[in-house]
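Here the structure comes first, spelled out in structure tokens, and everything after it is commentary.
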Number of protein chains: 2
Amino acid sequence: MTEADFIAALRTLPLHPAARALADDVALLGGMIVTTDTLVEGIHFLPDDPAADVAWKLVATNLSDLAAKGSTPIGVLLNYPLSDAAWDRGFLKGLGDVLAAHDCPLIGGDTVSLPAGAPRVLTVTAFGQLSPAPPRSGALAGDRLWVTGTIGDAGAGLAIARGEAGPATLLARYRRPTPRLAEGRRIARSAHAMMDVSDGLLIDAQRMAAASGVAVTIDLARVPLSADYLAWSGDPIAAATAGDDYELLFAAAPAFVPTMRATMIGRFSDGAGLTLTNDGAPTPLPARLGFDHGTAAP
Amino acid sequence: MTEADFIAALRTLPLHPAARALADDVALLGGMIVTTDTLVEGIHFLPDDPAADVAWKLVATNLSDLAAKGSTPIGVLLNYPLSDAAWDRGFLKGLGDVLAAHDCPLIGGDTVSLPAGAPRVLTVTAFGQLSPAPPRSGALAGDRLWVTGTIGDAGAGLAIARGEAGPATLLARYRRPTPRLAEGRRIARSAHAMMDVSDGLLIDAQRMAAASGVAVTIDLARVPLSADYLAWSGDPIAAATAGDDYELLFAAAPAFVPTMRATMIGRFSDGAGLTLTNDGAPTPLPARLGFDHGTAAP
């Protein structure tokens with residue numbers, strides 16, 4: 001079953017009002033923003049990724065969902081599969097690092113054992129302070145599409161982690177993503193819609209447009225690429241379809257003026273679907289827009 | 001690393017006050033009781049357990065932690081690994097059943113894919129209304145130890161699920177445990193300490209005594225066994241060391257009079273550790289008190 005089919009089936013069950021009809025990455029509950037993300041070894045991280053980096057990424061991906069709502073972390077729950085002592089110790093070190101870096105305490109969790117040789121599956125649930133929380137579904141025709149930071153660095157980092165040559169800065173973007181918490185707090189005051197880029201810029205922008213009931217056009221030439229990425233490959237399609245960036249993607253009125261590092265990359269219009277241009281000229285969509293859970297491996 | 005060592009290491013990280021020093025099964029956050037439990041295929045359930053029953057058990061084990069605090073469910077988050085469509089459909093059916101049976105809506109969650117052949121790892125996080133929430137650590141010397149319902153039925157059910165002969169009633173106790181929510185609400189008003197029996201009566205009682213800084217003595221002859229269990233084997237040691245009962249274990253003052261089905265099985269005293277008697281006569285502890293995560297398979 002695909003993720004979309006499964007979520008559609010979940011929508012037929014009794015839903016809490018906080019669920020926002022399962023159309024968003026967070027719930028609003030108990031005066032808090034609540035979000036949960038699971039990472040799977042072999043899917044979301046590599047078996048030889050250092051345990052400390054896996055801990056960092058696990059917490060950072062959840063805090064990134066809080067960032068996309070303009071929320072400040074309150075704390076996290078951890079569901080952890082015990083394994084060999086060296087991996088567990090590495091994980092604890094990275095967990096301490098990422099919690100301290102984001103002033104985010106541990107609230108509790110659960111530890112389990114796994115059958116021998118099973119891939120690790122780790123879950124964090126993060127709680128954040130109540131915030132403006134722009135939904136995924138709020139983009140309006142006429143809004144501009146913006147993204148923070150640079151795109152594609154983490155995708156390059158994944159290739160480097162798999163053995164390609166490349167700089168440590170790109171590898172670090174894959175292994176230790178930065179949740180854009182400060183940026184999110186500022187953007188949330190004026191954004192109509194916001195989400196983080198986890199599965200790929202194109203697929204995530206398409207999802208925002210679909211949830212909002214509008215069309216979106218992205219100009220590839222505007223997609224912000226880092227100097228490191230330009231030196232490594234510079235391919236904008238690869239950048240825009242790789243996941244794991246954890247930058248913030250948001251819709252704002254034409255008058256929006258950013259007070260943080262953000263780039264206007266497209267616009268929303270009446271209609272449906274995703275269209276690409278390159279410096280204004282129409283250009284075909286790639287066959288794969290990003291990572292779609294339940295249909296293919298990354 | 002054992003579960004105890006891992007949790008000890010977590011205690012050196014920044015902890016939220018809601019964490020109760022990681023000494024309990026729940027956190028108190030945002031005016032709610034919060035708990036999370038992970039089930040692993042091959043550890044907490046069998047690969048050929050029906051998917052609908054796995055869904056039931058996943059939610060019921062979390063609601064059981066709310067029951068042990070006297071709390072009423074508000075809703076649940078689900079972290080779900082997509083797999084084959086038939087399993088997913090079965091799971092959705094059981095999920096609908098268990099949510100409806102306990103008037104508990106879905107709040108949100110996350111879906112992921114797993115590498116081919118990987119055992120399923122499923123997490124639910126449950127939220128409940130604020131309640132008296134007796135801690136695991138509140139037992140006093142002189143308190144009596146009580147347990148609701150009957151013990152050992154789920155352990156027998158596991159053996160039956162693995163191929164032994166036995167009645168469907170015992171199998172159902174393993175596959176579709178009942179969270180003791182109504183009982184928990186009544187007990188929570190007067191219990192000094194409470195937890196659910198998930199890893200085995202003896203190991204869980206030992207944990208309650210250790211958390212409370214007292215000793216506990218359990219009389220095996222008093223452990224409540226069902227008529228089905230007595231007919232199936234009747235072994236009280238097997239019953240008291242099998243897990244998955246999800247009955248409520250609680251400490252109450254000598255004057256406590258139950259208003260629900262509960263049995264007084266022991267008492268707390270000054271000192272430390274677990275002692276067994278059988279109709280008052282000392283009897284040796286079994287080598288294995290229950291399921292200890294991180295040290296052995298079940």
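Cβ coordinates are placed from backbone N, Cα and C, and glycine is handled just like the others.
Whatever TrEMBL says is automated annotation, not expert-curated.
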Further substrate ligand in TrEMBL, beside B:His44, B:Asp244, within candidate set B:Phe91, B:Phe291:
B:Phe291
In TrEMBL, the residues B:Asp25, B:Thr35 are said to bind Mg(2+) 4. Which of B:Asp5, B:Asp53, B:Asp65 is said to bind at that same site?
B:Asp65
For the Mg(2+) 4 site given as B:Asp25, B:Thr35, B:Asp65, which other residues of the same chain have their Cβ within 8 Å of the site's Cβ centre?
B:Asp24, B:Val26, B:Ile33, B:Thr36, B:Asp37, B:Asn62, B:Ser64, B:Leu66, B:Ala68, B:Lys69, B:Ala126, B:Asp196
Taking CB atoms only, which of the binding-site residues B:Asp65, B:Asp196, B:Ser198, B:Asp199, B:Asp244 fall under 8 A from chain A?
none
As a test of reading the model: what is the averaged pLDDT for the domain 'PurM-like N-terminal' (B:24-129)?
96
Residues of the domain 'PurM-like C-terminal' (B:141-254) by DSSP state, where helix covers H, G and I:
52 helix, 19 strand, 43 coil
Would you pick out, from the binding-site residues B:Thr35, B:Gly109, the residue whose Cβ has the largest number of other Cβ atoms within 10 Å?
B:Thr35
